[in-house]
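Heads up, the thing below is written out as structure tokens.
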Amino acid sequence: MKLPIYLDYAATTPVDPRVAEKMFQYMTMDGIFGNPASRSHRYGWQAEEAVDVARNQVADLINADHREIVFTSGATESNNLAIKGVAHFYKKKGKHIITSKTEHKAVLDTCRQLEREGFEVTYLEPESNGIIPMARLEAAMRDDTILVSIMHVNNEIGVIHDIDAIGELCRSKGIIFHMDAAQSAGKLPIDVQATKVDLISISGHKMYGPKGIGALYVRRKPRIRLEAQMHGGGHERGMRSGTLPTHQIVGLGEASAIAKAEMATDNVRIAKLRDKLWNGIKHIEETYVNGDMNQRTSGSLNVSFNYVEGESLMMALKDLAVSSGSACTSASLEPSYVLRALGLNDEMAHSSIRFSIGRFTTEEEIDHAIEVITQSIDKLREMSPLWEMFKDGIDLNQVQWAHH
């Protein structure tokens, strides 16, 4: 067993060895290294063919047409292109956008930028289980609403939104629906023929593909128009200029094909490990799961250990690679904005740890994790005066702390 044990699959996944092996064939002089846009010789044609195959593999993952897939540098760029692209193209129709308070920063900060440009954004509050109620979404819709951007799966707590219902509602009102699927593509079935979603952001490195590559699904029927954010040679049907990185695209394609083939078996195994982990630690006093327990992805478990500081717990869990909050905001000392939006107080939000399990997690690793977590919590609580006061029956919310 390799230490530390990697339990941070929601931050990134290792590249599947089968994907890495395939990528190696598209980089060196011995391989297919040409520019896919070079139309005058075999090096370019072979690269273009490899890109076409990968485009089909990504499209197959979500049951789309290959012409609806635009390659980007990742989900952050896809979110930017989708949200800014729609806002700028349809601004004469309206300037109102709806999103939620628990979105990834790549969506929230893009919306903030649009606010600076004169757009109006409504940030919906979730229920305490992390899910946005449909009635709240419908109530926020106006005649000038042009876009709804709601994530499929939350990156911190793993809850799943009902995208079919959101899609139906948006389509009935003539509003474009964008979905950030960084955490769900390759892990949950997505079918764009059945779900009325217009734009989907996909990330390679969240599904055992390489970092630095992603895709944006752009619906053709009804046709969604975007204003390009990256200008140049007019690649990707004018939506995203820049030489296509063949080896990364091949990696994303291969990762998509593997995910499609193995999703069902992967999910059963991962859910078993997740339940094993929770069953192994839920007996610890004052331990709570954040987010809906049923409507969540198989690999995700966000737990608050009351009266334990999240940062000190992470230090104590040095054998486990876990995070408090998302990797993108883990450098800040602020409590998770996602958990605060669920109604958790600062203390509970600060004492949360995100465990995310994936394709290469083993049972032995989970057993070790349970042991380490149990010991660490005991040790930290032994040192905590707050825990002692709580055990003595003192209501800490009523305590008047002296200010020095």
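Backbone N, Cα and C define each Cβ position, glycine as well.
The model shown is predicted, which means the values in this text are computed figures rather than measured ones.
Annotated in Swiss-Prot:
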ACT_SITE  Cys328  active site, cysteine persulfide intermediate
BINDING   Ala75, Thr76, Asn155, Gln183, Ser203, Gly204, His205, Thr243  pyridoxal 5'-phosphate binding site
BINDING   Cys328  [2Fe-2S] cluster binding site
MOD_RES   Lys206  N6-(pyridoxal phosphate)lysine
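Location within the structure of each feature annotated in Swiss-Prot.
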residue	record	Cβ contacts under 8 Å, 6 or more apart
Ala75	pyridoxal 5'-phosphate binding site	His104, Ala106, Asp180, Ala181, Ala182, Ser201, Ile202, Ser203, Lys206, Gly214
Thr76	pyridoxal 5'-phosphate binding site	Ala106, Gly214
Gln183	pyridoxal 5'-phosphate binding site	Ala10, Met151, His152, Val153, Asn154, Asn155, Gly158, Lys206, Thr297
Gly204	pyridoxal 5'-phosphate binding site	Gly74, Pro210, Lys211, Gly212, Ile213, Gly214, Gln248, Gly251, Leu252, Ala255
His205	pyridoxal 5'-phosphate binding site	Thr12, Thr13, Val15, Gly74, Lys211, Gly212, Ile213
Thr243	pyridoxal 5'-phosphate binding site	Asn35, Pro36, Ala37, Gly233, His235
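In this structure, Asn155 is the one among the binding-site residues Asn155, Ser203 with the smallest number of other Cβ atoms inside 10 Å of its Cβ. Neighbour count (other Cβ atoms within 10 Å of the Cβ, all protein chains): 27 for Lys206 (N6-(pyridoxal phosphate)lysine).
When the Cα positions of Ala75, Thr76, Asn155, Gln183, Ser203, Gly204, His205, Thr243 are compared pair by pair, the longest gap among these pyridoxal 5'-phosphate-binding residues is 30 Å.
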